[in-house]
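Here Swiss-Prot flags CYS24-CYS45, CYS38-CYS62, CYS64-CYS75, CYS76-CYS81 as disulfide bond. Summarising the annotation, Swiss-Prot assigns signal peptide to 1-21 and lists experimental evidence as the type of evidence. Among the features that Swiss-Prot reports, site 'May be critical for toxicity' is placed at ARG54, ARG57.
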Amino acid sequence: MKTLLLTLLVVTIVCLDLGYTLECHNQQSSQTPTTTGCSGGETNCYKKRWRDHRGYRTERGCGCPSVKNGIEINCCTTDRCNN
């Protein structure tokens, strides 16, 4: 009986997503879209945009960093929301 209960517990853990991980885009500027799973219970994705001598630059990733004046940042909370 204990073995059956242990087996059911293991199957439940394997079948359920107990550790949900947010997925964010992480490509830079106009590169081919790629994604990454965020670690440490991160709940935000970001898209940061600024202009330099090469034109507009874009950075994407996990989190919601603080930025300096002149840098546009958009933070969001759903999978792949920062494209």
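The backbone N, Cα and C atoms fix where each Cβ goes, glycine too.
Locations of recorded Swiss-Prot features on the structure.
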| residue | record | Cβ contacts under 8 Å, 6 or more apart |
| --- | --- | --- |
| CYS24 | disulfide bond | THR35, THR36, CYS38, CYS45, TYR46, ARG60, GLY61, CYS62, ASP79, ARG80, CYS81, ASN82 |
| ARG54 | site 'May be critical for toxicity' | none |
| ARG57 | site 'May be critical for toxicity' | GLN28, SER29, ARG49, TRP50, ARG51 |
| CYS64 | disulfide bond | ASN44, TYR46, ILE73, CYS75 |
| CYS76 | disulfide bond | ASN44, CYS45, TYR46, ASN82 |
| task | Find, for the listed disulfide-bonded residues CYS62, CYS81, the residue with the lowest Cβ contact count at a 10 Å cut-off, counting only other Cβ atoms. | result | CYS81
| Least buried by Cβ count (within 10 Å) of the disulfide-bonded residues CYS38, CYS45, CYS75 | CYS75
